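Take a look at the structure set out below.
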Ligand SMILES: Nc1ncnc2c1ncn2[C@@H]1O[C@H](COP(=O)(O)OP(=O)(O)OP(=O)(O)O)[C@@H](O)[C@H]1O
């Protein structure tokens, strides 16, 4: 059984679904530490090249996991990245997959000034629920939370739900 008394969460989803803004909010409300893995990998030189289509750094997933290996067993981390399949299941307590409706996501990506290739690649990723399928292939179904992220109200509700989930997780741990 995990020794941690605070859970680790992954917040994943197609780019633009709201991972970073939710993770930031959740960190300030829960006291857990937010790690934006794209930034973290660049800062710690854990990248494996550059994705020309997505226009972003490619993580060296093994190096990222190795780098976090000393702190994740203690718990208390919110890991924010579009993918989720490279963390060992024993280090993760819940996998939050954010979902956004097509028209809303399109407008968000367009507002960011992304090139058309990046927008259509990301739209396909959301339409084909690629990240949800990746989560289902990598983790037990009962630790996956699929949350709708279309409006600020939904984001607030998601943060509230997760704060309450964290409190319940800690209470359950104390009883064991
Ligand atoms: N639930 C929501 N309702 C309204 N706007 C949102 C919501 N979630 C995120 N946004 C807005 O959408 C934009 C993208 O959000 P954010 O950067 O959090 O997404 P992301 O999934 O982390 O993207 P990336 O993977 O590219 O870093 C931001 O302008 C943010 O304010």
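The backbone N, Cα and C atoms fix where each Cβ goes, glycine too.
Model, not experiment: these values are computed from the prediction.
Summarising the annotation, TrEMBL assigns ATP binding site to 16, 18, 19, 20, 21, 112. The C-beta environment of residue 20 (ATP binding site), restricted to residues of the same chain at least 6 apart in sequence and closer than 8 Å, consists of 36, 80.
What TrEMBL records for 36-59 is region 'NMPbind'. The region 'NMPbind' (36-59) scores a mean pLDDT of 86 in the predicted structure.
Look at TrEMBL and you will find 111-121 tagged as region 'LID'. Broken down with DSSP, the region 'LID' (111-121) shows 7 helix, 0 strand, 4 coil.
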Can you work out which residues elsewhere in the same chain, 6+ from the ends of the region 'NMPbind' (36-59), have a Cβ less than 8 Å from its Cβ atoms?
15, 20, 23, 67, 79-81, 86, 114-115, 117-118, 121-122
Three-state secondary structure, which DSSP defines for residue 19 (ATP binding site):
helix
Whose Cβ, among the binding-site residues 19, 112, has more other Cβ atoms within 10 Å than any of the rest?
19
